[in-house]
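Q: Could you have a look at this structure, given as structure tokens, before my questions?
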Amino acid sequence: LTEPFGLLLAAEAMRAAGLLLAWVLLRPVGTQQCHPASPGGVLRFSDTHAEIRVPALHRVPSSLDPLYGLVRRCLDLIQQNPLPTELLRVALNDPGSVRTLQVVQYELGYVVCAAVALLFTVAVPVAGMCFCYCRSRRRCGGRLRAHRRSLGCRRHCLLACLSLTSLVILTSVTCALVTSQRVKGQMEPGLGAVPATLRTLRQHISNIPQGVQMVVDQFEVPRQQIISDLGGLSRSVGLSIHTQLKAMTYAALADLQDRAGDLQTSLHHLQILDKTVRALASARAELEPALRERRRRVVALLDDPRCTSCASVLGRAQSLELGADYGKVPSVEKVLKALAGLPRSDFAEKIRPGGGGNGTFNSIPELAVERMAQVIQDLREEMARVTEKVQSIADGFPLPDYTQPVGKALVKAEDGSQPYLREVERFEHYRWIAGTVLCSIILLILACNVTGMALGAYGLSKREDPSDYECRGEAGAKFLLVGVGLAFLFSWLLILLVFTTFLVGGNIQTLVCRNWVNQEIYKFIDTPGNLPPSMNLTRQLNLRKDSNLTAAYRECKSGAGLWEVLQLDRSYDLDEHLKSPKYTADFQKRLGDFTARLGDVRLLRSEGRQDLETFARSGVDEVDYGRFQEEMKNPVVQTSLPGLARSLEGLQKMQRNTTVAQRLAAEAQALWHMQNSTVQSQEALVAKLGESVQFLSRLAPHLQEQVKTTLATTASVEARLPVQAQQILRQEIGCFTRKELRYFTQYLNWVGQTLREDVASCQPLATALDNGRVILCDRIADPWNAFWFSLGCCTFFLIPNIIFAIRLTKHFRPIRNRLM
């Protein structure tokens, strides 16, 4: 059972090897995906224009926002008229023809407020003078004439009203001080931001040519990366071809190595088989006469009547004759003659990967370097030409010739704004001083109120009789009267400061800021005829003829380039200049047209192929190895010589006749000598023969098929290697091309983004306009208006403060006539 089982295992192993080789050969080669882009594949460009920025300003949330909102709503009630486009048009084009009635109609809310302020300015000081006259006549602010039960309730009510009024005034003056300080804190940087922003815009425009050139110079980043990648391209392609074809090639080589091993091992075993059979035949011829003579002698001795109990062994002795006859087995001389001289050289050398020279499989990386040297040199030269093409972006950029009007307008605006800014700064300085002084006076009035109420209340608590004089109550009444006097004395200054700041801040909010937010100002500027020719911004800024300030502002805010909003002699499409094929077409074509034949690869030399074909035709598989196995089942001698010798030795001990015993011992000794000297050596040869027969019998049935399959596989691999190497070459070049084109695309996208958003962007113009609105309206006008609103509250609440203080002074003085 062992032999068939061994043959079955061999067949299964051969089938598995065939399936593995078929999978390797049929597996698609050259279809691997390109390597994903590594982090190193993302280019890093320097920030070319970072030092010239117009930082965007935003409204900062504040705890005073509710107050700002309240003031804006009040101003909306005061000035409900929309932007006076007709009035402004006349005022700008022909200031002399402006009619006062038109101005009054538009400013009607402010006129009413002016009338109220004028009435307050006149009425309060007149009331103060009247009060002073009455005091001099002892008719106002004196003492109560009679004590009544309701005086206590009235006193407490007056105290509460004066306290509440003082609290309102304190809150208002605190807001006035805070907002005044905030206006001062925002005014200086806000005024300084005007020339700084104009200067930055001018620098931004004047630096456009240098910025564009710096952007173009950044092409050195992708160029260096591509040159670096070109340096390793050929070896990378060669290694990729070698790596992807290695499995298929080495599988075929392993199959060839197996056939080479079969040839050499089979030749070795055939030689052993032939030599062993000859030796066994020669030994049998020598053993036959000796064995015949020994049988005759043993049979004669055992047939001697004197031999006691010898009849039982006689039959075995008579069958003593030769067994296996190896002269009957098939001869392998014909097979050996066919294989004579094989292998004709070192067979391992014949099946090494390649046939030497440039055709060697393992030399593919070096071959790729050699064959691709010229195209890589051409691509390096092409990169120099691409650099010149990229330079055309800077050379053909149209802006330097068309930004001069904008630069001149900015210079004019910067120079013309300086005197006005100095005047505004001087006015703000005076406003802050006046506001601080008047707020301090209001605080002094509140201090008099608080001191007077405290002393008066304390004096009342210490007075036993309402008609008694009490110094602390009298002092409290005087403090209240001092506060009243200060209120009468400075009320007209307060209302004057309030109205002045109200008139300026209110008009800025309602005429400028409100219409700036809803972009009514832009519409007014864009309407033809509203501005005089000297203020035609579209012409001064050299905007497109089909555009206006509103459209330009929106385009700039959305990230347009200056060339897209300015009037050019010819249209300029940046996207057209940044199309990748314009710069990569020749580079891509050179790589696409490249083909390289890496040479034929021979896995097996012609001598080795002939050796395998001779081996297959030698007749190794035609030898009847079963005859050998059948003959090997027979022993060298039919009867066991050791067994017969031991039987003779046993009979020797049973003999009475000494002569017979001695002869039995001698025959036993002769049989042992024959066994040890001749039969054992033949048995060793038979065992050696069995190993060779077993190997050859296992190999022979599949030899023709295996050799045929191996040679066909080798031929197929040799035919497929150049084709698949070319496929892998195209794939690797395709991957390389896509990778390098990504560098071009990254750079060109960065150029477009940088020119639009940074170097040649008009977004700084829109940002400057937005910043102007934030500074003027959110950071200056809001606290400015909150200042006059808070100070106005203080001023108007001084009237009830005066009334309550005068009436309260009587309660702190002694009563003239006490009524029970």
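Using N, Cα and C of the backbone, Cβ positions are placed for all residues, glycine too.
For reference, TrEMBL lists these features for the protein:
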COILED    369-396  coiled coil
TRANSMEM  108-136  transmembrane segment
TRANSMEM  157-179  transmembrane segment
TRANSMEM  432-458  transmembrane segment
TRANSMEM  479-504  transmembrane segment
TRANSMEM  786-808  transmembrane segment
Q: Between the stretches 108-136, 432-458, 479-504, 786-808, which one has more Cβ pairs under 8 Å with the transmembrane segment (157-179) than any other?
A: 786-808
Q: State the non-local partners of the transmembrane segment (432-458) in its own chain: residues 6+ outside its ends, Cβ under 8 Å from one of its Cβ atoms.
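A: Hits for the transmembrane segment (432-458): 159, 162-163, 166, 169-170, 173, 176-177, 180, 183-184, 472-473, 475-480, 482-483, 486-487, 490, 493-494, 497, 787, 791, 794, 798, 801, 805, 808-809, 811-812.
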Q: Residues of the same chain, at least six outside the coiled coil (369-396), with any C-beta under 8 angstroms of its C-beta?
A: 209, 212-213, 215-216, 219, 223, 226-227, 230-231, 233-235, 237-238, 577-578, 582-584, 586-587, 590-591, 594, 596-598, 751
Q: I'd like to know the mean pLDDT over the coiled coil (369-396).
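A: Mean per-residue confidence for the coiled coil (369-396): 87 out of 100.
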